[in-house]
Each structure stands twice: as structure tokens, then as C-alpha cells.
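Taken straight from TrEMBL:
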BINDING   D486, N513, G515  Mg(2+) binding site
DOMAIN    44-149  domain 'Thiamine pyrophosphate enzyme N-terminal TPP-binding'
DOMAIN    241-359  domain 'Thiamine pyrophosphate enzyme central'
DOMAIN    456-579  domain 'Thiamine pyrophosphate enzyme TPP-binding'
Amino acid sequence: MDSTIGSQLQTCKPSNGMLGNPAQNGATILDSNAPPSVVAADATLGRHLARRLVEIGVKDVFSVPGDFNLTLLDHLIAEPGLKNIGCCNELNAGYAADGYARSRGVGACVVTFTVGGLSIINAIAGAYSENLPVICIVGGPNTNDYGTNRILHHTIGLSDFSQELRCFQTVTCYQAVVNNLEDAHEQIDRAISTSLKESKPVYISISCNLPAIPHPTFTREPIPFSLSPRSSNKMGLEAAVEAATTFLNKAVKPVIIGGPKLRVAKACEAFVELADACGYPIGVMPSAKGLVPEHHSRFIGTYWGAVSTSFCAEIVESADAYLFVGPIFNDYSSVGYSLLLKKEKAIVLQPDRVVIANGPAFGCVLMKDFLQALAKKVNRNPTAFENYQRIFIPDGVPTKSDPKEPLRVNIMFQHVQKMLSSSTAVIAETGDSWFNCQKLKLPEGCGWCCRYEFQMQYGSIGWSVGATLGYAQSVPDKRVISCIGDGSFQVTAQDVSTMLRCEQKSIIFLINNGGYTIEVEIHDGPYNVIKNWDYTGLVEAIHNGEGNCWTKKVRNEGELIEAIGTATGEKKDCLCFIEVIVHKDDTSKELLEWGSRVCAANSRPPNPQ
């Protein structure tokens, strides 16, 4: 019987779920007369990698096949605990791995050499900026071609094969080029463990002729990882907590603000522990929405400078001490560097470092340990929250519209708000959806455990299509609601096809306003106007009668209400695509303010030389 991997390709998996020699009664047949040095046929690099991915929690791998990775893919799909999700292009495969990692804690993608690697690198850079562990696997050249003057296809025509590697060095925390079996086991394990420890992507290139070759280093069941937990320097921790306690206890109206690095530090619960103990008002930076429970009794909203939740910025910026936990202060999160904060009033806590005002600083202090220790020592002080309660006025509601008048974006998000529950997750695309989704109030069970996602640091338009695919694949018990602008959708629309193949049931709101609205508000020009598509028609063409899909085009509130009712009722088990047609100048007030300030920051003249 032909026992090669290639002969199994039509069925995706061998009938016995194993590679190598056919099995009887679940056991691999070995030659009883074979010498002891003979290696089991399934002790291969490909199986080892597959088992490692399953072990760390990866159940789905996002891939685009190419001739350098086909044998590797054979071994991955042969692993019972691993499912291959074929994507339409490499960029979306990377975005899908990003979305998957946001929910499961790690993601993986597989592409081919150079043409695949350089296509996916933009998504890997985004994952790096967002501190997401993504295992990026590339099928590499045959081992016999290294060190020769041969020129290979899928390259730029040089005999030097290191171009792809050099590109990945700046956007991954570890790179492994596996072109021999002797140290392949060590390289793969080190790459994966480094990704988990650093919470960053890694790059693994595997020569195309290696995955199927048995080798003694690949035991059938890899020994489980034992990653040593990091710990704080005890004396440093005690000193940091003592200094912070003294600083905060002297303050009259301190506040605490959660930042996006709460995720990488795995400190969300410790943050709540401190918040419960200290009595301070709790704010959240925009890119940390979903990491802090919004149902907390002292939650005051999003701190985003001039575009903050009403009354949040006033409380934060008037405080005499602020504890920022895991912040990222960039031009976007600081609204063009316009935050009214003073360094001498701030404690800035990063995953492994504490800086108090202008000094001192304490290294080797883990965020989680610091928050838990501080919660036991800091005095309870509700003064700032009491001030907030005095000035707070409940949010107004948009002016009521006639059900048949043209739909406004703020009316649309009123209805999106009503859809949210503990069984939903929200993904917001770069653009005005950032600001509109930021105002959504996440209910208990939705805004905790990271059920809201957007990509603020990297801000790559089109990210949300692939991220929706990956996130939905990782949480089949949740219904993902994605808010995507038309310009962004045009970048990555193809992988709606993959959502259908995977029988996903997400609801996509395509906001059709005729262009790149966020860029219009930063700097307008004819380049921000895009060709209008028949978006529902496009999705219907992608559907092509295969899978469960429902589309609807809406122009007014009445049609929107009807569409949402259908999507959450009769079509609750379908992928639902709702195209919302709005005026090109219909934007949130926050985007208008934010855009003008970012424009001012971008337009600063050069400093005098």
C-alpha cells in the first residue's frame, strides 16, 4: 500500500489519522527485524510542529498554499486536533491569526517562501505592535539549494535567500531558519516558547524537503513545554510598592487608568483587585476597551484627551495623581500629543517596570505582582469619584428620526448597542467605527475577557475582515459583530468567502459613506473618494449558493430595524451582511475633533536647525 503523504491528499487526512506506515488496531506497523536505530515513520518534523501547535492551544491554522509549504500542510492537516483554514490571500491569513490570538492567546499561519512571506509581513507587523503571539510559518527552499549559486523562483532573482528573513527580523521577536534536521526540534521549540514568553510574533522557515523525514529527535508525543513563570525581584517589588503607596496616599483625588498592555501582562484581574480596594474612579485608554469591566461601579469611561467620554477627561486631567497601568502614549491615543497630563503627577506601570513621577524607576517588577501588592497597602480614597458623581450628566440621545428619512450613523449605533450581550463580541475597523464603537457600553460578560477588539497602534485599514474571520473561528459560541467602513472593506473583502466556508455566523455592518472618512478629517483630497461597489451584490456573488449567507441593503432606520431583527432572528445561524448607506459627511463629533488635532500634529514644521 502506498503510505506517502501525497497519496492521502484527496481525503485531507489518512483514514487512521496517522502518517507513515498504515496501522492496524490503532498501532503503527514496524518491522520487528529492524535494527534499534530505525526511527518510527511518524517521528517527523511536520508531526512535531503540528503537535506543538495543538499543545499551546492552536486548533486552527490560517494558510495559503504554495509549492514550498505543501508537504508541511499535509502533516498539519493530518493532525486530528488541528484544522487548516485556507484563506484567499496571505494578508488576510495574517490578520486572521491576529484575531485568533486576541481570543485564544496565540495564533498561527502558514505561507510560502518570499511571495507569501512578504505578503503576510504587514499583518505580522500589526501583531507585533499589538503584542500578540503569532507563529508565522513559511515553507522554505530545499536544503540542497542553500549555499549554492542557484536562483529560485519566488525570489527577487538573487542566489541569496535571506531577504525574507531580514525583513522579518524587525517585526518578530525570534527567527528560526530550519534547513537541517539535527537542530530542527530545538529551533522550533525555542521559537514557539519565545513567542509565548514575549507575547510577540515569531518567524519559522522550514525547508520544503524536511517535514516528512523521520528523525530520532522527534518523539511521537513531544514532551510538554514547561515555561518557567517570570517573577518579580522581591526587593524591587517591595520598594516600588512602598514608593507608590506614599505617592498615592499623599494625593487628594487620585485616579487609575487601564491601558492596552494589561493584556500582555495578564493583569486584568489584578487591575480590578486594586480598583476595588482603592476607591479611585476607573478610566480606560481607547485601545484597552474590553480589558476593564465597564459594569464596575466606579467606571467613568474612556480617557482619550479631547475626545474622551463626557466628564472622564475632566476628572483625569484635574487629578493630582494618576496611575496609568500599561499605557501606550502615541500620537493617536494622545490626540496629536494634546493630553493635559503632567509627568510629575503620574505613576506609569508597564508589564515589568514602574516609573513614579520623574523618578525613581523600578525594573524587574511585574505588573500583576505590583497591582496585587499595592491593593493591600494603598488607602481607600473615593474623592475623585465623588467629584465625578457631582458633575456627571447622563448621555443625551440622538435626535429621533423619521423611520423613512436617510439613516444617520449615530442612529445606527443606537441599534447596535441593543444587540450587545454576553454572547456577542465587537470588532471595530480603523476609521469612524473606532469612535462610534468606543461609545458602546459593553455589558457584563462582553466587556470582560477581551470581547471588544480594534487595532489602534498599527491602524491598518482592512484589518477587521481577516480579524473577524480569525476571532469568530476561535469563539464559535460567540456572535461577532463587525463594523467596517467601505474603504477598508475594499482592501480585504475576499475572505468573506472563507467565513462562509467555515460556516461562521458573524454580523457585518458595512458602512457605505463613499470613501476614507477618517483620512478626510485629517487631510481631504480627491484620493479619499473611492469607487462605489454594490457590496451586497459582491457578497452574494462570493456566496454563490454555497453556505449560509444573508445580505441586506438599508437606507433608513425602519429598514435597519427590520434587518437587525432578521439577522438576530430568522437568520441567526447565517453570516449576515448589512450594507448601511449613509451620507459621506456623516461622522462622529469625536472624529472631527480628533482629525483636526492629528492633522495639526502631522503638519508641524521642521524644528530650526
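Positions of Cβ are set from backbone N, Cα and C atoms, glycine also.
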Taking the domain 'Thiamine pyrophosphate enzyme TPP-binding' (456-579) alone, what is its mean pLDDT?
-> 95
Summed over the domain 'Thiamine pyrophosphate enzyme N-terminal TPP-binding' (44-149), the DSSP helix, strand and coil counts are 50 helix, 22 strand, 34 coil
Near D486 (Mg(2+) binding site), how many other Cβ atoms are within 10 Å of its Cβ?
-> 25
Residues close to Mg(2+) site centre defined by D486, N513, G515, Cβ within 8 Å | G485, G487, I511, N512, G514, Y516, T517, I530, K584
Within 10 angstroms of the C-beta of N513 (Mg(2+) binding site), what count of other C-beta atoms is obtained when all protein chains are considered?
-> 22
Within the same chain, the residues at least 6 apart in sequence whose Cβ is under 8 angstroms from that of G515 (Mg(2+) binding site) are D486, G487, N528, V529, I530, K584
How do the residues of the domain 'Thiamine pyrophosphate enzyme central' (241-359) split into helix, strand and coil according to DSSP?
-> 40 helix, 28 strand, 51 coil
